[in-house]
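Undergrad: Reproduced below are the annotations present in TrEMBL:
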ACT_SITE  B:His148  active site, proton donor/acceptor
ACT_SITE  B:Lys152  active site, proton donor
BINDING   B:Gly23, B:Ala24, B:His25, B:Gly26, B:Arg27, B:Met28, B:Gly91, B:Thr92, B:Thr93, B:Ala118, B:Pro119, B:Asn120, B:Phe121  NAD(+) binding site
BINDING   B:Arg51  NADP(+) binding site
BINDING   B:His149, B:Gly158, B:Thr159  (S)-2,3,4,5-tetrahydrodipicolinate binding site
DOMAIN    B:17-121  domain 'Dihydrodipicolinate reductase N-terminal'
DOMAIN    B:124-258  domain 'Dihydrodipicolinate reductase C-terminal'
REGION    B:171-194  region 'Disordered'
Number of protein chains: 4
Amino acid sequence: MNAGEDVSENSTVNEPVKVAVLGAHGRMGSEAVRAVDNAKDADLVCTLDHRDSLQQLVVSGAQVAIDLTVPSATEDNVRFCVAHGIHCVVGTTGWDDERLARLEQLLSEHPGVGVLIAPNFSIGAVLAMRFSAVAAKFFESAEVIELHHPNKVDAPSGTAARTAALIAQARQDAGLGPSPDSTETDPDGARGAKVDGVSVHSVRLRGLVAHQETLLGNEGEMLTIKHDSFDRISFMSGVLLGVRTVGSRPGLTHGLEHFMDLDA
Amino acid sequence: MNAGEDVSENSTVNEPVKVAVLGAHGRMGSEAVRAVDNAKDADLVCTLDHRDSLQQLVVSGAQVAIDLTVPSATEDNVRFCVAHGIHCVVGTTGWDDERLARLEQLLSEHPGVGVLIAPNFSIGAVLAMRFSAVAAKFFESAEVIELHHPNKVDAPSGTAARTAALIAQARQDAGLGPSPDSTETDPDGARGAKVDGVSVHSVRLRGLVAHQETLLGNEGEMLTIKHDSFDRISFMSGVLLGVRTVGSRPGLTHGLEHFMDLDA
Amino acid sequence: MNAGEDVSENSTVNEPVKVAVLGAHGRMGSEAVRAVDNAKDADLVCTLDHRDSLQQLVVSGAQVAIDLTVPSATEDNVRFCVAHGIHCVVGTTGWDDERLARLEQLLSEHPGVGVLIAPNFSIGAVLAMRFSAVAAKFFESAEVIELHHPNKVDAPSGTAARTAALIAQARQDAGLGPSPDSTETDPDGARGAKVDGVSVHSVRLRGLVAHQETLLGNEGEMLTIKHDSFDRISFMSGVLLGVRTVGSRPGLTHGLEHFMDLDA
Amino acid sequence: MNAGEDVSENSTVNEPVKVAVLGAHGRMGSEAVRAVDNAKDADLVCTLDHRDSLQQLVVSGAQVAIDLTVPSATEDNVRFCVAHGIHCVVGTTGWDDERLARLEQLLSEHPGVGVLIAPNFSIGAVLAMRFSAVAAKFFESAEVIELHHPNKVDAPSGTAARTAALIAQARQDAGLGPSPDSTETDPDGARGAKVDGVSVHSVRLRGLVAHQETLLGNEGEMLTIKHDSFDRISFMSGVLLGVRTVGSRPGLTHGLEHFMDLDA
C-alpha cells in the first residue's frame, strides 16, 4: 500500500508482530491463540494463564499482549504491560472510570504505548451500533430487538442497551421527541426494557446464539440494521485488527470503532 | 375443473353468485365493493350503508351478504339475512358467545343457510397462525413478535395473542413445559405480554402496517413463520373465498381456515 | 410421564430402545452417538464403523440401527438389519428407485420390520418444506431463497430445489400459471435456477451455515417461511423421532414428515 | 425550536421557504405538493404541469423549485430556474454527463444558486447504500438481494446495481478479492446479475413494493442492512430535506447523501 522505497532502511515494516495471549485457556483466549497462530502477520510468542508469571511476557519479547482474562486480573496485567512498553488489546470487562483514570495516568508516563479496551470485538456488532446511531436522527421511530440463547441471564443484552442509549442520544441531539406510540392497553410487558425511552425487546430462544436488529421507521419506509453472531470466532477479526493497529495508536483507545475507518 | 357436459341441464353451476355488501362505505366495505366488482364469478347486486333498509337485500335477489359493519349492527343484519335465506360472510367483530348461541339456534331453523364469521380474512395471517400451531409441538422454544403502525392502541395485537394462545395449547397438549429462560434481570419489560406463558413482543414503528413473526427454536435451528400485511386489499382474497364457499357450507363456521384445504 | 401402575405387567412399555449407530465416527454419526447417549428413552448398545462386522449388531441386541454411512455401504447395511429383524433409521443418501424396490421386496418378506429413509432429519426443514407446499396454492407469487456457506459446491441446494418442485406441483394442481413477472432486462442471472418455473436464488456467504426462505405473495401481503440451520446438532431431534417411531411403522417410510403428526 | 429572542431583528430566519413544484400532477409530483403543503417551514407558491409557462415561477416568487417532470423537460426547467436565481431540487432522471457539464457551466455564471440532483430521495435507501459501502471492506463476502413488485421491467433494480457497484469499489480499494464461492453446478441462474463481481438477486413478488438487503459475511457473523419502501410517501422527507438545504449549498450537488450529516 505505502510504496515503501525505504524498506531496506526499516526492515521491520513487514515483520510479523510478536503477540502474547493472557487468559490463553479460556473460551475467548483459546480462540485468540488459534487466530494469532493462523495470522500471517503475527507471531504467537507467549501464552499465559492465571498461574503463569507476567515476567514471561518480557522474556518472550512480546510487542502486543491480548488480555482475555477476568475483571479481577485485567488491571494488573495491563499495568504491567504498559510499564514494560508492551501494547495491549483488552477484551476483559470490569474497567470502571476509576481504573480507566489510573490507566490514563500511567500511559501519560509511557507516551509510546497504546492500549485498546474494546467492550465488543465483533466488527459486525460495532458497525451495527454505529450505523444505528448515525441513522437514528433521520427516523421518526426506533426500536431494538435482541435475540439470544435461553441461558443468558440478563435482559436486555449489554450491546442492545448500549445501542438503544446511542439511538436515544442521537434523537435528543436532533431534537426528536419520543417515538410515536398510541398504546393504551399493554398488560404487563414481555422480556426487555425501555432504555432512555427506546424500546428494547429481548427474545430468548433455544438454538440462537447472539442476534440484534435495529428497526427505524418513517412514513412509508423502514431501515433495518441486523447483526447475527453465530460463533465466537467472529470476534477474532476484531482482535487481529486491534493487534495490527494498537502499536501505532499511543494512549488509551476505548472502542474498536476508533481503529476502523468509517468515513469511506 | 368440473368438465361440465351437463351445463345445459344445470345452468346455474357457472352463473356468478349475487352478492350484497353491508357497510359498503366503510374502509373495508369499500374495498369489498371493489373486489366483488372485479371478480368474474360474482355480481354485485346491492350495497347498503347504515341508513338503508335491509329489505333491499331481498329485493336485489342477493344470495350472499358480506357484513362489514359495526358490532352494534352486525347481529341484526345477519339474523335478517338468515331468516331470508341469504348466506353471510361476516368480518365485523363483537360476536360473543351469547350472540353466537342465538345465531346457531336461528340457523337450526334454516338448515340450508351458511354463515361464516371470520376474525381475520387475510389468508396469509390464517396460514401463519395455523402453521405456528402445527409446528409448536416440535420446538423447545417459541416466541411471537408483532409489529404495527404506532396508531394502534392495543398491545399485543389480537392476532398475536391468538397465535400465542394456540402455540401454548399445542405445547401443553404435547407435554412441553415453558420455553427455557434463564433471565434474572429484566428491569421492567418493553411493550408486549406473556400470553399463556408465550412471550409476545409488540413493536410500534412509523411506516409499518401489520406484521407478525413466530419464532420457534430447537438446539441448532430456528423456524420462522412471518406474515406481512402491507395493505387492506390483502383481505379481499379471503372475503372472496368466503363468498364462493359459504353457500355450500350450511350452518355456522367460525374461522376462514375451515374453508381452506390445508392437508395437501 | 404416564405414571404406569401396570409396569410390572407390561414392562417393555417404558424400557429404553436399544440402538446401534453405523458410521459412528463420521460427522453425523458422532453427533448421533452423543444424542442417543443423552436420550433417556434410548440405550446405545453398539457403535460400528466401516471396519467392524455387522454381526456385532445381532450380538448387541440392537432393536433399531441408525445408518449414517456412505452410499456404497448403506444398502448392504440396511438389508442385513432387515434380514435380522432390526428396524432402521437411514440418513445416508444414494437410495435410487432400484435400491428402494429391492428393499421393499425384502421388507415384504419381513413384515414386522420398519425402515425410515429420510433425506432430511431436520424437523424445521421438513416443516418449512411442508408448509411451503400447503400454502403455495393460495398465493399468486412464490420464490425461494437459500443461503449457505461458500464451500457448498452445488446451487441451488437440494432442499431448495425440492421445495421449489413441491411449490410448482401445488401451483399446477390448483390451476395456477407461472408467477407474474414483467422482467424485460435480466442481463445474465446470479447464482440459482428456475426449478419447474419457480425461481430459486442461491446466496453463498462466509459465516452462514444453511438457511432457506420461501416467499409467497398476494396483492397486499407476503408470507415468509424461513428455516435457519445453525449446527448439525439440529438433525438429532429428527433422528431420535425416527428411532422412537420406526418400530411401530412396519414397511418402508420415505421422509420424516410421515412420522410427524401435522394435522393438529 | 431555538427560542430566538432576536427574531425581530432577523425576521427572515424563520420565514417559510417559497416552493414551486414542476410536474405537479404526476405521481411523485402530487405527493410533493401534499408534502410541501403540510410542511410548516415551506409555502407552496406555484404548481406547474407541462402546459404551464415557466414564467409563473418568477411571478410566484418561488425560492426553490422541485422538478419531478420527465427526462425530456427537466434540463430546460432547471436551466430556466438557475438563470432566474431559483434553487432546484431535481428528482427527474436523464441527467447524463453532457447535461451535467452544461449545468455546471451555467451554475458557474450564477454562483449563488444551488441545484440538488438526487437519483433517490428515500433517506432510508440512501443510508442503506452508504452503510453497505462503508461496511464492505470489513467482510469477506457480500451479496445483495432486491425484492420488488412483479410489474418491474428491469432486473436488477438500479439502486441494487448501484449498491453492488459501491460494494465492489470498496472491496477493491481494500485489496479484497472476489467473495469466496465454490459453486460448481449452477444450472442457469435465476433473475439477477453479477455487478462488478457482486451477486445481486432479484425477487419479483406480488404484494411487494421495493425492498433491498445487503448481506455481509465473515467467519461466524453476518451483517444485514435492509431497506423496505412501502409507499412513495417515503420519498417526501428526502425532498423536504433537499428543499430546506439547497439554498445554502450553491453549485451542483449530486446525491442526497451530501445534504445529510453522516459522521455523527
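Here the Cβ of each residue, glycine as well, is placed from N, Cα and C on the backbone.
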Undergrad: Pull the DSSP breakdown for the domain 'Dihydrodipicolinate reductase N-terminal' (B:17-121) and write it out as helix, strand, coil residue counts.
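TA: Summed by class, the stretch gives 44 helix, 25 strand, 36 coil.
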Undergrad: Give the residue from the binding-site residues B:Arg51, B:Gly91, B:His149, B:Gly158 that has the most other Cβ atoms within 10 Å of its Cβ, counting over every protein chain displayed.
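TA: Buried the deepest by this measure is B:Gly91.
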Undergrad: Measuring Cα to Cα, how many Å separate B:Gly91 (NAD(+) binding site) from B:Gly158 ((S)-2,3,4,5-tetrahydrodipicolinate binding site)?
TA: 14
Undergrad: Per DSSP, the residue listed as 'active site, proton donor/acceptor' is which: helix, strand or coil?
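TA: The residue in question, the residue listed as 'active site, proton donor/acceptor', is strand (DSSP, three-state).
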Undergrad: Please identify, among the recorded positions B:Arg51, B:His148, B:His149, B:Lys152, B:Thr159, the one with the smallest Cα-Cα distance to B:Pro119 (NAD(+) binding site).
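TA: Nearest listed residue in space: B:Thr159.
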Undergrad: Which of these binding-site residues has the least crowded Cβ, counting other Cβ atoms within 10 Å: B:Thr93, B:Thr159?
TA: B:Thr93
Undergrad: Using DSSP, what's the helix, strand and coil tally for the domain 'Dihydrodipicolinate reductase C-terminal' (B:124-258)?
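TA: Looking at the domain 'Dihydrodipicolinate reductase C-terminal' (B:124-258) with DSSP, the answer is 49 helix, 44 strand, 42 coil.
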Undergrad: Starting from the Cβ of B:Arg27 (NAD(+) binding site), draw a 10 Å sphere and report how many other Cβ atoms land inside it.
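TA: That number is 10.
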Undergrad: Out of the recorded positions B:His25, B:Arg51, B:Pro119, B:His149, B:Lys152, B:Gly158, which are near chain A, with a C-beta less than 8 A away from one of its C-betas?
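TA: Sorted by position along the sequence, the hits are B:Lys152.
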Undergrad: In the structure shown, which of the binding-site residues B:Gly23, B:Pro119 has the fewest other Cβ atoms within 10 Å?
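TA: Minimum Cβ neighbour count within 10 Å, taken over the binding-site residues B:Gly23, B:Pro119, occurs at B:Pro119.
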Undergrad: Pairwise over B:Gly23, B:Ala24, B:His25, B:Gly26, B:Arg27, B:Met28, B:Gly91, B:Thr92, B:Thr93, B:Ala118, B:Pro119, B:Asn120, B:Phe121, annotated as binding NAD(+), what's the top Cα to Cα distance to the nearest Å?
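TA: If we measure all Cα pairs in B:Gly23, B:Ala24, B:His25, B:Gly26, B:Arg27, B:Met28, B:Gly91, B:Thr92, B:Thr93, B:Ala118, B:Pro119, B:Asn120, B:Phe121, the largest is 20 Å.
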Undergrad: Look at each of the recorded positions, B:His25, B:His148, B:Lys152, and point out the one with the fewest other Cβ atoms around it within 10 Å.
TA: B:His25
Undergrad: Within the chain of B:Phe121 (NAD(+) binding site), which residues six or more apart in sequence place their C-beta under 8 angstroms from its C-beta?
TA: B:Gly91, B:Phe235, B:Met236, B:Gly238, B:Val239, B:Gly242, B:Leu256
Undergrad: Note the Cβ centroid of B:His149, B:Gly158, B:Thr159, the recorded (S)-2,3,4,5-tetrahydrodipicolinate site, then list each other residue of that chain whose Cβ lies within 8 Å of it, in sequence.
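TA: After dropping the recorded site residues, what remains is B:Glu146, B:His148, B:Lys152, B:Asp154, B:Ser157, B:Ala160, B:Ala210, B:Gln212.
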Undergrad: Looking at the binding-site residues B:Gly23, B:Arg27, B:Thr93, B:Gly158, whose Cα is closest in space to that of B:Arg51 (NADP(+) binding site)?
TA: B:Gly23
Undergrad: Reported as an integer number of Å, what is the Cα distance between B:His149 ((S)-2,3,4,5-tetrahydrodipicolinate binding site) and B:His25 (NAD(+) binding site)?
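TA: If we compare the Cα positions of B:His149 ((S)-2,3,4,5-tetrahydrodipicolinate binding site) and B:His25 (NAD(+) binding site), the gap is 23 Å.
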